[in-house]
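Record features (TrEMBL):
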type    : residues                                                   : note
BINDING : B:Arg42                                                    : L-glutamate binding site
BINDING : B:Trp109, B:Thr156, B:Asp176, B:Gln199, B:Asn241, B:Thr242 : pyridoxal 5'-phosphate binding site
DOMAIN  : B:5-350                                                    : domain 'Aminotransferase class V'
MOD_RES : B:Lys200                                                   : N6-(pyridoxal phosphate)lysine
There are 2 protein chains.
Amino acid sequence: MSRCFNFSAGPSELPLEVLEQVRDELLDFRGTGCSIMEISHRSKAFTEVHNETQQMLRSLLDIPEEYDILFMQGGGHMQFSMVPLNLMAPVSADPSRRGGGCYIVNGTWSRKAAHEAGRLGGISIAAEGDETNVPQQQDLRIPEDASYVYYCDNETVHGIEFNYVPDTGRVPLVADMSSNILTRPFDIRKFGAIWFGAQKNFGIAGLTIAAVRHDLIGRAPENCPVMLDWKSYSSKNSMLNTPPTFAIYIANLVCHWLEKQGGVPEMAKRAAEKSGALYSVIDASDGFYSGKVKPAFRSRMNVTFWLKDESLNDLFVEEAAALGLKNIRGHRSIGGMRASVYNAVPTEGATQLADFMKDFERRHG
Amino acid sequence: MSRCFNFSAGPSELPLEVLEQVRDELLDFRGTGCSIMEISHRSKAFTEVHNETQQMLRSLLDIPEEYDILFMQGGGHMQFSMVPLNLMAPVSADPSRRGGGCYIVNGTWSRKAAHEAGRLGGISIAAEGDETNVPQQQDLRIPEDASYVYYCDNETVHGIEFNYVPDTGRVPLVADMSSNILTRPFDIRKFGAIWFGAQKNFGIAGLTIAAVRHDLIGRAPENCPVMLDWKSYSSKNSMLNTPPTFAIYIANLVCHWLEKQGGVPEMAKRAAEKSGALYSVIDASDGFYSGKVKPAFRSRMNVTFWLKDESLNDLFVEEAAALGLKNIRGHRSIGGMRASVYNAVPTEGATQLADFMKDFERRHG
């Protein structure tokens, strides 16, 4: 069959231009006579890709020099451990930070992060959402001696996105931006660290990126496993050992694609259009479709909704797939539908899905 | 230019048939309308690849059911931490195991592994090689209460390979087989665990595999970071979180390729031919080329040698490259030359390199 529109929550759609370039240079990477997959991470050809990717990401996200950009492996769960291991231990210069991590919990991923940090040390909960909303600034209880405050900027399972950046005073703020990085401008100077997996808006699974302020690197305890210490990456330009070279190459192509499209501001515009098209159909459907998240906190990335008559679910999914609109089932833990409209999903994909939803409603409403 | 013969020590050459298949199905994976990179790790299409890869690897290596096959990330350095974290802590049923890890050190990688284990707990050294040899059975000092004995089966930097499997009695044996897995038959029943990175003989960087005997899983301490506990992989079929899906797909294609070629016995035959062709030229060169490793311990994977007149090094590398024989410089820590002849390097590549070496000697000897 031909290429479909892919609403997978991750790993998810890549720009067609990126895939075509990968295909075209797969057997011979730019005259080396080898595939990019076959060359040493210390070769000139690869280190150029590696360094350019860091530089382009820095530029796309406006990350100043006082933040290090780290390329890691292990996905979100590895960061769930690395954040507390790297930030819980107070440096001797700052003995007041003994309160452990403080977590804002408003969905599956922030809950998992808090759970792992709780296993590794003492934590507190700043606030809990009820999976329809985002806790607001005035509801956050942050201990003065907290080591850091952690939250997940976009929760993919329920489709909930923060509509503000928490103010945590002098306590470093850490954000999981796995599912909405590069989809709207933000000021990293408000954060001590951000991290994200690559497989939604920055390429493929197997690469995890963090941007960490210098002064927060080097705080891990003496016996921290070497690959869990941000310093191991910071001090070796993310090449203490062989990095996931192919995933970094894909990220490089995604950077070029993003730049050509108009960068993060353009992605923000498209995200509003794509998610807006779908939420409009839901809101105009008089209950045929309904979402659970309060409008102010609706994710621009993961549009979740339920059919009033759930016996139509399978038909809905089948008819959509027949039109090339794929992977729209909700997360197995909550059911319903979920259309993820990450950067690489064309606006046309969202409008075709919106048109299909209207048509399906007309025929079954 | 056209495809070269690639003697890179890793990431290294892939079978051309594998690369061609990747290219051909890159935009549409077997009728899904998506690239394999773009689909959920929980989709039917991907889980079939994942499970088949485990099964084929089990079959190729003759791994019985009492061993779990784990797909992980983080490379060798992550296993340097995971081995001690998972095996040092004695289970209550076996309180005699308190001696920590016991390491056979005979090269760069076993030394790094011992260093990391020493940071995380108490270790002892069974024996040390001098980088020309492998410590023999009678030289191993293994404490009776050791938690495990660890060694690296093939040291890539100097090109040293074990010519026997250490007998460690009832102490579990653990081997790093990153650089010679799938290149000769071995009996895994002699081991508690083996592990290897994928980027030499099993695909691309970003995937690390272990085969661990059931009874050695579940011994990590309570506060072990979740992604460093072998149990997290064993209990979730290596899908606690998103695995490196594309690297697993490549490993799958490599399994099919290996099977078609005749499996591990055929690879052993070719490894002997390829490395033999190169060592023969070195030994017949009357000192024009020389190796440092004693013949009994010469690696069948990484053929290291030095030119008598090192001022010819650059010319040697340039002339080889002009013939399409690439990436033959030695590791930056020891210099000289290193031709890595992993499974995917065709016999023709090794014989062409041998012919070039003879010709170069004739012209400059």
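Note: Cβ is positioned from N, Cα and C throughout, glycine not excepted.
Note that TrEMBL annotation is computational and uncurated.
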Binding residues B:Trp109, B:Thr156, B:Asp176, B:Gln199, B:Asn241, B:Thr242 (pyridoxal 5'-phosphate) - maximum C-alpha distance in whole Å | 31
How many neighbouring Cβ atoms, not counting its own, are there within 10 Å of the Cβ of B:Trp109 (pyridoxal 5'-phosphate binding site)?
-> 22
Does DSSP give B:Asp176 (pyridoxal 5'-phosphate binding site) helix, strand or coil?
-> strand
Among the binding-site residues listed here (B:Arg42, B:Asp176, B:Thr242), which has the Cα closest to the Cα of B:Lys200 (N6-(pyridoxal phosphate)lysine)?
-> B:Asp176
Just checking, which of B:Arg42, B:Lys200 (recorded positions) has the fewest C-beta atoms within 10 Å of its C-beta?
-> B:Arg42
The rounded CA-CA distance in Å from B:Thr242 (pyridoxal 5'-phosphate binding site) to B:Arg42 (L-glutamate binding site) is 9
Filtered recorded positions - B:Trp109, B:Gln199, B:Lys200, B:Asn241, B:Thr242 - keeping only those with Cβ under 8 Å from chain A | B:Gln199, B:Asn241, B:Thr242
Reduced to three states, what secondary structure does DSSP give the residue listed as 'N6-(pyridoxal phosphate)lysine'?
-> coil
Give me the non-local Cβ neighbours of B:Thr156 (pyridoxal 5'-phosphate binding site): same chain, 6+ apart in sequence, Cβ-Cβ under 8 Å, ordered along the sequence.
-> B:Ala9, B:Gly10, B:Thr108, B:Trp109, B:Ser178, B:Ser179, B:Ser299, B:Met301, B:Asn302, B:His331, B:Ser340
Model confidence over the domain 'Aminotransferase class V' (B:5-350), as mean pLDDT, sits at 95
Tell me the Cβ neighbour count for B:Thr242 (pyridoxal 5'-phosphate binding site), meaning other Cβ atoms within 10 Å of its Cβ, over all protein chains shown.
-> 21
Whole-Å Cα distance, B:Asn241 (pyridoxal 5'-phosphate binding site) to the residue listed as 'L-glutamate binding site', is 10
Per DSSP (helix/strand/coil reduction), B:Trp109 (pyridoxal 5'-phosphate binding site) sits in helix
Would you mind checking how many other C-beta atoms are within 10 angstroms of the C-beta on B:Gln199 (pyridoxal 5'-phosphate binding site)?
-> 32
